[in-house]
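Each remark here refers to the structure printed beneath this line.
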Amino acid sequence: MKGFFSLFVFLVIFGSVRGDLKLGFYKSACPKAEKIVQDYVNQHIPNAPSLAAALIRMHFHDCFVRGCDGSVLLNFTSSSGNQTEKTAPPNLTVRGFDFIDRLKSLLEAECPGIVSCADIVALAARDSIVVTGGPSWKVPTGRRDGVISVASEALAEIPAPFDNITTLIQNFANKSLDIKDLVLLSGAHTIGISLCTSFSNRLYNFTGVGDQDPTLDSEYAANLKSRKCRTQNDNTTIVEMDPGSRTTFDLSYYSLLLKRRGLFESDSALTRDSNTLALINQLLQGSLQNFFSEFAMSMEKMGQIEVKTGTSGEIRKNCAVVNS
Ligand code: HEM
Ligand SMILES: *[C@@H]1O[C@H](CO)[C@@H](O)[C@H](O)[C@H]1NC(C)=O
Ligand SMILES: *[C@@H]1O[C@H](CO)[C@@H](O)[C@H](O)[C@H]1NC(C)=O
Ligand SMILES: *[C@@H]1O[C@H](CO)[C@@H](O)[C@H](O)[C@H]1NC(C)=O
Ligand SMILES: *[C@@H]1O[C@H](CO)[C@@H](O)[C@H](O)[C@H]1NC(C)=O
Ligand SMILES: *[C@@H]1O[C@H](CO)[C@@H](O)[C@H](O)[C@H]1NC(C)=O
Ligand SMILES: *[C@@H]1O[C@H](CO)[C@@H](O)[C@H](O)[C@H]1NC(C)=O
Ligand SMILES: *[C@@H]1O[C@H](CO)[C@@H](O)[C@H](O)[C@H]1NC(C)=O
């Protein structure tokens, strides 16, 4: 009886608390794995810092559909003619995929068939945010890759820029993330960019009568209309979500929210719910270090959503294709 109890405690402490992932999972099978990712990121991200944003968003999109299982990377799946997740709009992240493919080639050369694509995304996202001067967080590894990727699921499960607070909270709750995680993870928009199409209804036709979103600062809206998104149909211009400090991982995203300059309805909505507003105020009153450590905790939670471990899934040979 005592034995069973000890075993139970052991499993709780070392097994399920991290969703069966563990720190340094590749320590014996591929000891250089994490270092290879980190070195490659350190070598290339300084020349292409905007890729850091693409990679953390890729990790988020991966985790929100079928768990963090690399499904976001697939070009096609074995049998059906399903369109994969990466084809679902909006898909600005498109430029990060070849970066992951190159990392995968390095890892396959070092230890073939060992390191999953899902772990590569999780590690690369963390390491590249660190390069930009942002927070670091723990990335326990051992994720395995999924074999299914369906565009319609990405559309249904990834929150939309026009979502209201009720939908956002529900959407995150569906992934075992709470409102604190919602507020903190939205903070990644401090380094975000967006196409006009993700918010131009707020500028041109908010309720279908050619009006503007009254919750958006009118001076800012006028500026966006004259300098950036000149028509409602502009689908090529890119706008910074945190103008002036787009490359810096800082608290200014939250200050802008309070000035009614959040770009998406989903950003702006965080200021009109008393619970999320209180969290924003707490973050702004705290230090940057405090934001970093809180953000880190939410990223660790996000990185463990519905992960596949043990014998489920596979270790893909090519991140864009399921093994045949
Ligand atoms: C809370 C709900 C969220 C919504 C509604 C949302 C929505 C969006 C949208 C619409 C874009 C622009 C895409 C485009 O125009 O093609 C974007 C960009 C971005 N999002 Fe979010 N997002 C959310 C949460 C997150 C989270 C949790 C993260 C990461 C932890 C994140 C990180 C980013 C980044 C870094 C970008 C810029 C991507 C780039 O530069 O390529 N977002 N988001
Ligand atoms: C997958 O698609 C990307 C473009 O998103 C392309 O660059 C890459 O070569 C494709 N890989 C395979 C194996 O089809
Ligand atoms: C991104 O979404 C657009 C709009 O739906 C689509 O036309 C395009 O093919 C997608 N890009 C990729 C790489 O699938
Ligand atoms: C194709 O999509 C359907 C749902 O639309 C899903 O049930 C099925 O598993 C997908 N097949 C593959 C091979 O991804
Ligand atoms: C939020 O959006 C959902 C889905 O569009 C809608 O059903 C709901 O009524 C909205 N809630 C509020 C409070 O506006
Ligand atoms: C949450 O999950 C439920 C059950 O899967 C689903 O019906 C609902 O649409 C999801 N809500 C959001 C906002 O994603
Ligand atoms: C605004 O949207 C409505 C409904 O979608 C449409 O009928 C109308 O023509 C649009 N107005 C403008 C000025 O684009
Ligand atoms: C952008 O809009 C133009 C004109 O409306 C359209 O022809 C084009 O396909 C659109 N491009 C994308 C990427 O949606």
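Placed from the backbone N, Cα and C atoms, the Cβ positions cover glycine too.
Residues or ranges marked as signal peptide in TrEMBL: 1-19.
The domain 'Plant heme peroxidase family profile' annotation in TrEMBL covers 20-323. Note on the domain 'Plant heme peroxidase family profile' (20-323): mean pLDDT across this stretch is 96.
Annotation note: CYS30 (disulfide bond) sits in a coil segment as assigned by DSSP. Shown in sequence order, LEU107, GLU110, CYS111, ILE114, VAL115 are the residues of the chain, 6+ apart in sequence, with a C-beta less than 8 angstroms from the C-beta of CYS30 (disulfide bond). Sequence annotations record features per position, and here TrEMBL assigns disulfide bond to CYS30-CYS111 (among others).
Annotation note: ARG57 (site 'Transition state stabilizer') sits in a helical segment as assigned by DSSP. Feature annotation from TrEMBL assigns site 'Transition state stabilizer' to ARG57.
HIS61 (active site, proton acceptor) is surrounded by 20 other CB atoms, counting those within 10 A of its CB over all protein chains shown. According to TrEMBL, the feature active site, proton acceptor maps to HIS61.
Residues near VAL65 (Ca(2+) 1 binding site) in space but far in sequence (CB under 8 A, at least 6 apart, same chain), listed by position: SER71, VAL72, GLU85, SER149, VAL150, GLU153, ALA154, GLU157, ILE158. TrEMBL lists ASP62, VAL65, GLY67, ASP69, SER71, GLU85 with the feature Ca(2+) 1 binding site.
Close to CYS63 (disulfide bond) in the fold, though at least 6 residues off in sequence, lie LYS175, MET302, GLY303, ILE305, GLU306, each with a CB less than 8 Å from its CB. Secondary structure at CYS63 (disulfide bond), as computed by DSSP, is helix. Annotation source TrEMBL lists disulfide bond at CYS63-CYS68 (among others).
The number of other Cβ atoms within 10 Å of the Cβ belonging to CYS319 (disulfide bond), over all protein chains shown, comes to 23. As annotated by TrEMBL, disulfide bond applies to CYS117-CYS319 (among others).
Classification of PRO159 (substrate binding site) by DSSP places it in coil, neither helical nor stranded. Annotation source TrEMBL lists substrate binding site at PRO159.
Residues near HIS189 (heme b binding site) in space but far in sequence (CB under 8 A, at least 6 apart, same chain), listed by position: MET241, ASP242, TYR253, LEU263, ASP267. As annotated by TrEMBL, heme b binding site applies to HIS189.
Positions annotated as Ca(2+) 2 binding site by TrEMBL: THR190, ASP242, ASP250. For ASP242 (Ca(2+) 2 binding site), the Cβ neighbour count at a 10 Å cut-off comes to 25, with all displayed protein chains included.
Look at TrEMBL and you will find CYS196-CYS229 (among others) tagged as disulfide bond. Around the Cβ of CYS196 (disulfide bond), the same chain contributes LYS228, CYS229, ASP234, ASN235, THR237, VAL239, each under 8 angstroms and 6 or more positions distant in sequence.
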### Query
Should any of the recorded positions ARG57, HIS61, ASP62, THR190 have a Cα within 10 Å of the Cα of CYS68 (disulfide bond), which are they?
HIS61, ASP62
### Task
Determine, to the nearest whole angstrom, how far the Cα atom of HIS61 (active site, proton acceptor) is from the Cα atom of ASP250 (Ca(2+) 2 binding site).
22
### Query
Which one is it: of the binding-site residues ASP62, GLY67, PRO159, whose Cα lies the shortest distance from the Cα of CYS117 (disulfide bond)?
ASP62
## Note on the structure
binding-site residues considered: ASP62, ASP69, GLU85, ASP250; fewest surrounding Cβ atoms within 10 Å belongs to ASP250
